[in-house]
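J.: Pulled from Swiss-Prot, these are the listed features:
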type	residues	note
BINDING	Gly151, Glu152, Ser153, Gly154, Ala155, Gly156, Lys157, Thr158	ATP binding site
DOMAIN	2-53	domain 'Myosin N-terminal SH3-like'
DOMAIN	57-771	domain 'Myosin motor'
DOMAIN	813-842	domain 'IQ'
MOD_RES	Thr405	phosphothreonine
MOD_RES	Thr1088	phosphothreonine
MOD_RES	Thr1091	phosphothreonine
REGION	665-672	region 'Actin-binding'
REGION	782-810	region 'Required for binding calmodulin'
REGION	917-984	region 'SAH'
REGION	1139-1267	region 'Interaction with TOM1'
Amino acid sequence: MEDGKPVWAPHPTDGFQMGMIVDIGTDYLTIEPLNQKGKTFQAAINQVFPAEEDSKKDVEDNCSLMYLNEATLLHNIKVRYSKDRIYTYVANILIAVNPYFDIPKFYSSDAIKKYQGRSLGTLPPHVFAIADKAYRDMKVLKMSQSIIVSGESGAGKTENTKFVLRYLTESYGTGQDIDDRIVEANPLLEAFGNAKTIRNNNSSRFGKFVEIHFNEKNSVVGGFVSHYLLEKSRICVQGKEERNYHIFYRLCAGAPEDIREKLYLSSPDSFRYLNRGCTRYFATKETDKQILQNRKSPEYLKAGSLKDPLLDDHGDFNRMCTAMKKIGLDDAEKLDLFRVVAGVLHLGNIDFEEAGSTSGGCTLKAQSQPALECCAALLGLDEEDLRVSLTTRVMLTTAGGAKGTVIKVPLKVEQANNARDALAKTVYSHLFDHVVNRVNQCFPFETSSFFIGVLDIAGFEYFEHNSFEQFCINYCNEKLQQFFNERILKEEQELYQKEGLGVNEVRYVDNQDCIDLIEAKLIGVLDILDEENRLPQPSDQHFTSVVHQKHKDHFRLSIPRKSKLAVHRNVRDDEGFIIRHFAGAVCYETTQFVEKNNDALHMSLESLICESKDKFVRQLFESNTNNNKDPKQKAGKLSFISVGNKFKTQLNLLLEKLHSTGSSFIRCIFPNLKMTSHHFEGGQILSQLQCSGMVSVLDLMQGGFPSRASFHELYNMYKKYLPEKLARLDPRLFCKALFKALGLNEIDYKFGLTKVFFRPGKFAEFDQIMKSDPDHLAELVKRVNHWLICSRWKKVQWCSLSVIKLKNKIKYRASACIKIQKTIRMWLCKRKHKPRIDGLIKVRTLKKRLDKFNEVVSALKEGKAETSKQIKELEYSIDASMTKIKTTMMTREQIMKEYDALVRSSEQLLSALQKKKQQEEEAERLRRIQEEMEKERKRREEEEKRRRKEEEERRLKSEIEAKRKQEEEERKKREEEEKRIQAEIEAQLAREREEETQHQAILEQERRDRELAMRIAQTGAELSTEETKLDVGLCRANGTKLQMTAEQMAKEMSEMLSRGPAVQATKAAAGAKKHDLSKWKYAELRDTINTSCDIELLAACREEFHRRLKVYHAWKSKNKKRNAETEQRAPKSVTDYAQQNPTAQLPMRQQEIEINRQQRYFRIPFIRPMDQYKDPQNKKKGWWYAHFDGPWIARQMELHPDKAPILLVAGKDDMDMCELNLEETGLTRKRGAEILPRQFEEIWERCGGIQYLQNAIESRQARPTYATAMLQNLLK
């Protein structure tokens, strides 16, 4: 199969594995893995892809691959990753795989210099190349740019963002202090906003959009950082293997002893906000020695330090202090920041217990007194006020007027704990806002022409337990994925269609319904959550119930017990919900959703913190007193500031900014869950590539044009350098001349209606044209002028030649018209007078023989006069007949009657002469005359026989034409009947198509949900029982990895495919048949066709055999080599007819299966695709011959003028023959296509077909057909 070429087939853990096709099934292919000879498994046919011939080859741009599909994309990334080439392009999109180690000199200053001003694709893929492209686009297009760095947590987004910022400031900075400040801002932001998670040691727990602003000279003048959604819940609690924000650990590990004493710091295990997570520091061998023992937690002392090449808490503290100094923070302000951070830690150590009184409140535990004192001192609060504010809440009554009585309500232990945590979150979030503001103050700018923005925001997150933070992060990623879909897929395809480029449409999953579910007005999850917050007694359970109630049948929303993970099935319906995101289904536990959505403190704590004695603490809260209060909130109720809608507003503003700028994309990929170098988990990576839209982009870029410029834009760029004669040119003509002058290959670009477009990998050529320095433009103008002169001279030459050719053509046509006219006239005259001419010739021949009669008579001795008289009478009769034929319009029958009478007379006369002739000499002469007459008679009979044969052939042809006309009339009647029915079923078909589209979307979503569940399960969760049966390749909770068998994987793939419409139709038809052949192998079908005597089984096998051939050829056509010509096993007119007129599957000809099937023969013109446009005069036109034995083709021939005939017979050459049945080809409806058997057999024999078929029969390769049976009878 497939000429022994390898293919990629699905693999549960590696994504794909290489194998060979060994059999074609109903809707699957049987694959033999290359590394497991003798073992086979089945794979859905749409999940199998052809592989590159050289499996070790890698390319820098995936669009350069010979086969563009997700398997070769994954393999190319894998090969490059094994060579430490972590960057790869898909057109102008960069794929970055996290290496988890520092590649030497890869991001050095020398590397930066190397990429400056270089076009995309001229150097190996690099994040620097994308940064430089964004800069050049900004400079040339006079438009701000955005670089969207996306990917899941741990994929390397933060590091790539830092590299982009560093590249822009080093390459295009002014060389002043501001360049360093932009770069040094990152360590400070990371210290306060990054933390260790399960999947990432340096995970950004906030989103940021960093703008680098440029002046009119395109030099860096300043920057601005916008931040989004800091994860505040992490301040109070973390997972077992996770940590709080880096700043806490760096302060504990690296702070000098004097600062440590001032802040009352100790080891991380001493603080509630740190000791419930991981309390180990990141450290190297050197820094581990520098950390004092009393700063290390027991866990650290037992297990040692955490290792990461980019993190070192002790060393990073010093680097953070240096960064603070560089961005302008003095020692006092630095100490203020540390003081608030320490205050938050001590605040977390305040504990409560039930009060002994009847008030039902609580009091501080005795052992919490030191923590209370430290916290109050560090935050500038009164100790007693802090105690009271944490254990009571102030309420105002409205008795009879606006002013009311202040009432202090005691808080229970749980409420006091919540109040303490809320205060800690608020203080830290305000501190983080202050840090970002100070960062922005350190690189101000007065004027800005354009900016380049770099977006680094938390990637799609999915854990065993997901809360409000993951909900907001994933909502953000849904919006960004939609932006990617619109910018790269939707807008790109709309532009191609508008410009008339004829690029094939690429389908992608639209996630607008998921976004509407979250943000729709009144019924969206965010608005429902806000309404819940405004209730007097809000609850998470009520909120969850309302969400399920308002979106009961929504495809994207589901209840937890439908999760594919067992841990989620224990969650009650009012405790969570599942949202099916673009990357897969995530189960959110709604506990604390209501609390986390409210960013406001209760009145007691708000008043306390705003009246702090510490100036720095007061400043943190001055700008946030009532700015964010909910305008719908009524007086007297608890204050409410919606976190969700605030984030939604920020996100919409961000997307408006992204839509107004040019876009570049960096898709970051994490290679494995263990966060180790040189370990490639193909299944994980494939899922990330599919979710990020890379596979759809690859499909689009097969015929896409990622670079473009408008004609007017190019023309205006060159206009001031153009001489007057060139300035008059139309912009489109000027662009054409420009490209020709540069010698660009026409296949590398394409002209639209208003723009010119460039193929992927041709960015260097595009940049050469768009380069705007005066010397370069002037040089190109010279080239254009030279090309125009040459092209116009060539045009004059071609015009002269064309006029001469036209003159010759007119003369030729005139002579051809005369030739046609005289030929037609000749034919008409011939048809009219041919019988008479033939009759005259025959009669004249008879008259010539009278001389011989006279010679005989002259030799007679007696009866000469009487005999002469008889001869004269005969001669008179002949002359009379000739005159009659000449002067009278007679039919052939009349002429033959006259002629036969004369022949009889002459024969009677001859008989009489024979009686009279006695001598031998005379008898011999008479004998000779008789022989001549006998020859004449035989000649006449042969001629008559030939004439009748010609008449018979004409009759057969007329019968064939009459039959074709009858079939055409019947077809027209059927079509009229179908049109009558079509109106009734059209709506039904439209509904079915819509349902199928939705069903395919559901299948795709289920696949992503299952993959996401598998990825979560690999971190330690357990799949549900049903999913475990499907996904045997998962790591279960006990850590044992089970490999999915080939049969299990095939079953899963087949189940996914079996719901498709074509397969359902086939299976429904198969169910109605007597024989179920769905599980038969391809070879079994072929052998049965060759050997079976069961007519019904034979017909069923033939039908299934050719159906599988059609499926296989469709797969080959879809997965052909890039830019390769489509294989043609039949003329294009035949295949086009089959595509445009799909025939319904009929029920076995109503079981009428005849042994002697009808034999039909056809001939139609055939021109090879490669010669279609090279040969306008059809000099290379060939002929395609086909012999159909019943509905299926038995023999096939291709005759071309410049190559040897191609002979094919059924059985031996099935893969190269037309796989369509006779009805599907439409040949019976083509006028003049059907020929006589004799015409086919003559050509077949002349081309050596008999010997070819005989060899196939002898080698047992030919399938038994009418042709093989006739040849075998002939040989016998």
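All positions are counted from 1 along the displayed chain.
From the backbone N, Cα and C atoms, a Cβ is placed for every residue, glycine too.
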J.: Using a 10 Å cut-off, grab the number of neighbouring Cβ atoms around the Cβ of Gly154 (ATP binding site), all chains included.
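T.: So the Cβ neighbour count for Gly154 (ATP binding site) comes to 24.
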J.: Cα-Cα separation of Ala155 (ATP binding site) and Thr405 (phosphothreonine), in Å?
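T.: Rounded to the nearest whole number, the Cα-Cα distance is 56 Å.
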J.: Tell me the Cα distance separating Thr1091 (phosphothreonine) from Thr158 (ATP binding site), rounded to the nearest angstrom.
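T.: So the alpha carbons of Thr158 (ATP binding site) and Thr1091 (phosphothreonine) sit roughly 67 Å from each other.
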J.: Which of the modified residues Thr405, Thr1088, Thr1091 has its Cα nearest to the Cα of Ser153 (ATP binding site)?
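T.: Comparing Cα positions, the candidate nearest Ser153 (ATP binding site) turns out to be Thr405.
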J.: Starting from the ATP site formed by Gly151, Glu152, Ser153, Gly154, Ala155, Gly156, Lys157, Thr158, give every other residue of that chain whose CB sits within 8 Å of the mean position of their CB atoms, in sequence order.
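T.: For the ATP site, the extra neighbours are Asn98, Asn200, Ser203, Gly459, Cys668, Phe670.
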J.: Between the Cα atoms of Thr405 (phosphothreonine) and Glu152 (ATP binding site), what distance do you get, rounded to the nearest Å?
T.: 52
J.: Only counting partners 6 or more residues apart, tell me which same-chain residues put their Cβ under 8 Å from the Cβ of Lys157 (ATP binding site).
T.: Val149, Ser150, Gly151, Ser204, Asp456, Ile457, Gly459, Cys668
J.: Across the domain 'Myosin N-terminal SH3-like' (2-53), what is the average pLDDT of the model, as a whole number?
T.: 87
J.: Please list, in sequence order, the residues in the chain of Glu152 (ATP binding site) that are at least six apart in sequence and whose C-beta is under 8 Å away from its C-beta.
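T.: Within the chain, Glu152 (ATP binding site) has Cβ neighbours under 8 Å at Arg199, Gly459, Phe460, Glu461, Ala583, Cys668, Phe670, Gln688.
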J.: Radius 10 Å, atoms counted are CB only; among the recorded positions Ser153, Thr158, Thr405, Thr1088, Thr1091, which position scores highest?
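T.: Within the set of recorded positions, the most crowded position is Thr158.
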J.: Can you tell me how many other Cβ atoms are located within 10 Å of the Cβ belonging to Ala155 (ATP binding site)?
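T.: Result for Ala155 (ATP binding site): 26 neighbouring Cβ atoms inside 10 Å.
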J.: Under 8 Å Cβ to Cβ from Gly156 (ATP binding site), same chain, six or more residues apart: give me those in sequence order, or none if nothing qualifies.
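T.: In sequence order, the residues whose Cβ lies under 8 Å from that of Gly156 (ATP binding site) (at least 6 apart) are Ala96, Val97, Asn98, Cys668, Phe670.
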J.: Write down the Cα-Cα distance for Thr1088 (phosphothreonine) and Gly154 (ATP binding site), rounded and given in Å.
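T.: Checking the Cα atoms of Gly154 (ATP binding site) and Thr1088 (phosphothreonine) gives a distance of 56 Å.
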